[in-house]
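Features of the protein shown, as given by TrEMBL:
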{"type": "ACT_SITE", "residues": "B:GLU374", "note": "active site, proton acceptor"}
{"type": "ACT_SITE", "residues": "B:TYR463", "note": "active site, proton donor"}
{"type": "BINDING", "residues": "B:HIS373, B:HIS377, B:GLU396", "note": "Zn(2+) binding site"}
{"type": "DOMAIN", "residues": "B:314-509", "note": "domain 'Peptidase M1 membrane alanine aminopeptidase'"}
Amino acid sequence: MHSPLLLTLKSRPMLAILYGASLALGLLVALPLFSTLTAEDADSLAPLRMLPGFDYTVYSDFMAENEKAVSPLLRVGRWVGVAYLLLSVFFAGGILYRFTQPGFAQPGNTKPGLGFRTVDFWRASSTYFGRYLRLLGVTGLFVFSAGLIWLVIGALAIVALTDTFTERGLFGIGAGAFGLFSIAVTFILCVGDYAKVIMFRDDERGAFRAFGTAVRFVWRNLRATYGRYWLLIGLGTGLFGLYFVLDELIGMSNWFTIGLMLLIQQAFILSRIVLKVWNLGIAYNLYGQTGTLRAHMPTGDVAPM
Amino acid sequence: MNRFLLIVLACLLGGEVLAFKPTQPLSPRIANYQIEVSLDPATKRLTGRQTLRWRNTSDDPITELQFHLYLNAFRSEKSTFMRESGGQLRGDYIDKDDKEAWGWIDLLSTRLTHDGGTGAAENLTGKVQFIQPDDANPDDRTVVRIPLKTPVRPGETVAIEMAFRAKLPKIFARTGFSRDYFLVGQWFPKIGVYEAPGTRYQTGPRGRWNCHQFHAHSEFYADFGVYDVRITTPTDYIVGATGQLKTETRTRNGFKTQHWHADDVVDFAWTASPRYEVVEDTWTRPSGGSVRIQLLMQPEHRAQADRHLHAVKASLSYFDRVLGRYPYPTLTVVDPPIHASGSAGMEYPTFITAGTSWGLPAGVRAPEIVTVHEFGHQYFMQLLASNEFEEAWLDEGFNQYFEGRIMDETYGPQTSQIDLFGFRMGDMESSRDSYVRLDNPAIGPSFGNTWQLPDGYYGVLTYSKTATWLRTLEGLVGRKTMDEIMRTYFERWQFRHPNAQNFIDIVNQIAPARTRFRYGPDMNWFFDQVLYGDKVCDYELTKIRNRKQGTGYRSTVQVTRRGDAQMPIDVLVHFEDGKELMLFWDGKARTHTFTHNGPSAVRWAIADPKQKLYIDTNLNNNSLTLAPSSAPAAKYATKMLFWVQNWIQWLAWLF
């Protein structure tokens, strides 16, 4: 696990591209919001009460007057999410390609970003975009189906057992169903990552076929694959906890603390991007070590579509 | 018996003797009930017999009696209650196809005896007539009149013996059963209030019965009395009820009878379930005496018992300090199971139902809110026995106002309802929010018969709007004067039936003098707008201008009245040199411009800086600054940036 992490951390230009995309899309919502808030508070002193902490009355009165100005920005947030989802599909090829570059993967190489060429990154990204888009569809189909099954089972169980169980028991049933839902969904998402690697390393173009191969691979190496996937989720959750602690401790009550929290927030976002790339790196390495390579061994060249 | 012997006997018999010591009546004790009732958990039926000793306190010979038969509200879809509620209340629905779901009460026999039960007797069985004084709905059977052959003379007490049989409904609104849980409220034939001339709005030469049908949103109006109730249930059932438990005896196979006694109350409710976990505690009054608190908790909510106790004790202390003494020795708090949540949040004398759910985080103060609110009804409804049918704002609105005060003082003004993950909301601000966020805050007054208030607005007009304008009244006259008003209202009207005018009279007696007639000789202008009227309050600080004039500045500050309510308002002006000036405007004109000449320019100004006019529908536009800060906008834009980035990262993990 260390090696992909080190390789990820050394790949600063790539991280900068991913982070930059996330920041740019976030700013599409945040900057208009800043302008809207500044303009719509009509030079009132009331918003100052929102500085030490959340003030429901100020918020409620503001939204009552300005909901029509603020709501479209939230809708933009939804579309920004869709855009980034497509971008992450696009970047997946470039990220995996980065792990194939000779020299980059050699232990002891400390030069940051050695071998990274933006043009290769874009080429790889665009090369694999089509097949990964298909894979997104396949993964989404399985996520939806598997998730729905457990949610429906959980809901039916709660309805059927309402008269039998106590609140605590029903909560347990709900939590159990949600747990199974989470396991099913994360398993499929983990499989999706390995399917990506298979499509990349084996030059597999069939999304269903790659997904099937990945299911078998993940299942055979459950601890190494799915276990590590959950480890990264745990790490991300821990970072989230740390963020909330810092948010509580620092607050955002003046320009200095606002600036400080902005840096912390962005560091947190960067850490999430690192986790995502690291996860792909782990999958790439693991499949390379234990997977059955069929046709195409990575050479650093991008396989043409 | 000599005094020494009495003392010895008292010592020997201990608490039992003390418990039965005759109590000094606190109330007129007009309607006194002795009831025997047995519950059949299998059929959900009650079989009862009661003797009501009722006194005619008017100067009128009374030729008929009127009784509530509340449980008939659940007799069919055609009752007034069901028509008004549409078969749903508080999110719970009655299952119309389930025969078990319905409830009813039948009078089996009625017999009246004059002269306190020693005079001539009159068999009234068969003379009972259903009446519909509110809406002429012939299918409503919640009120009966019983004509008398011989009128009840002024001052005479009559004994009315009644046998009844009732079927409890499946709980969806306040009362009934759910599995083996029973909450038995509004269950016995209950006499109405004969309002003698001078009582509330009764101004004619003769009095009249005030006995309304059971409506979806109102149920309480009754005379005070003493209740002796013997409740028979299976032995494994834990019973809680209004008043004190006096004795318990085992009766037939597997049954027990408990004798409950309550003095000076307006109603009697009880509960029975084999599943309760009983938690007991005591609240000690600073000035002496104590109240025994009994929580009947669901076992799975046992971990939240301390939250309930804390809320109860905070309420007891607050009311005792601000309003007056809680005169009863007990308080029972029932925690209904989740499947009977329709019975949560109800008030009966010395007996309330709270409501919570398993695993509720401490930052969501639902059990605290409902406990504080329902306890408050011990004062507003029970001790101050106003007519909920006609003036629900007098109990629900006042109680909502006090709920806000108690919650905000106990749990923080901005965190008393919710304090979770940075989201915070106070109780009082929640009440204001409910009212000011209406699409049309001018939808109606707080005053009026509950069933005739604008459809769907009963809650906000009686609870939220009233609490908000009471907080506004407090802002105008000051907390100290407000407390004096409330205390006077309580002392003058406890154990009686107050109405709006009684309260307004007290406000007019106290407030003008304490505020040095700042708002005029009386406060009628205030009540005309907010209680009887539908005026909307919104003031805006619209303009600040500074013009250089010699070495100083000529500054103008303009305030605009956006709403149609006219309220006096303070304006705080802050100058560049740090000095401040408090100005006053009567708030009547559409706009008002203050002009000031001085050495320093105005930096900012706030209309109503202390938020006295809490009923103002937009408090954000009350201030204006010439040096605005964009820090708040930056804070929330930064947070938005972070959460949008998080959101898209979550999505990115999907691929």
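Cβ coordinates are placed from backbone N, Cα and C, and glycine is handled just like the others.
Given the structure is predicted, the values throughout are model-derived calculations rather than measurements.
For the recorded Zn(2+) site, residues B:HIS373, B:HIS377, B:GLU396 set the reference point as the centre of their Cβ atoms, and the other residues of that chain within 8 Å of it by Cβ are B:GLU347, B:GLU374, B:GLY376, B:PHE380, B:MET381, B:ASP395, B:ASN399, B:GLN400, B:GLU403, B:TYR463. Using a CB-CB cutoff of under 8 Å against chain A, none of the recorded positions from B:HIS373, B:GLU374, B:HIS377, B:GLU396, B:TYR463 qualifies. When Cβ neighbours within 10 Å are tallied across all protein chains shown, the highest count among the recorded positions B:GLU374, B:GLU396 belongs to B:GLU396. Secondary structure at the residue listed as 'active site, proton donor', as computed by DSSP, is helix. In sequence order, B:GLU396 are the recorded positions from B:HIS373, B:GLU374, B:HIS377, B:GLU396 with a C-alpha within 10 Å of the C-alpha of B:TYR463 (active site, proton donor). It is 10 Å from the Cα atom of B:GLU396 (Zn(2+) binding site) to that of B:GLU374 (active site, proton acceptor).
Taking all protein chains in view, 24 other C-beta atoms sit within 10 angstroms of the C-beta of the residue listed as 'active site, proton donor'. According to DSSP, B:HIS373 (Zn(2+) binding site) is assigned to a helical segment. Listed in sequence order, the residues of the same chain lying 6 or more apart from B:HIS373 (Zn(2+) binding site) and placing their CB within less than 8 Å of its CB are B:GLY345, B:ASN399, B:GLN400, B:GLU403. Long-range Cβ contacts of B:HIS377 (Zn(2+) binding site) within its own chain (separation 6+, distance under 8 Å): B:GLU347, B:ILE352, B:ASP395, B:ASN399. Reduced to three states, the DSSP call for B:GLU396 (Zn(2+) binding site) is helix.
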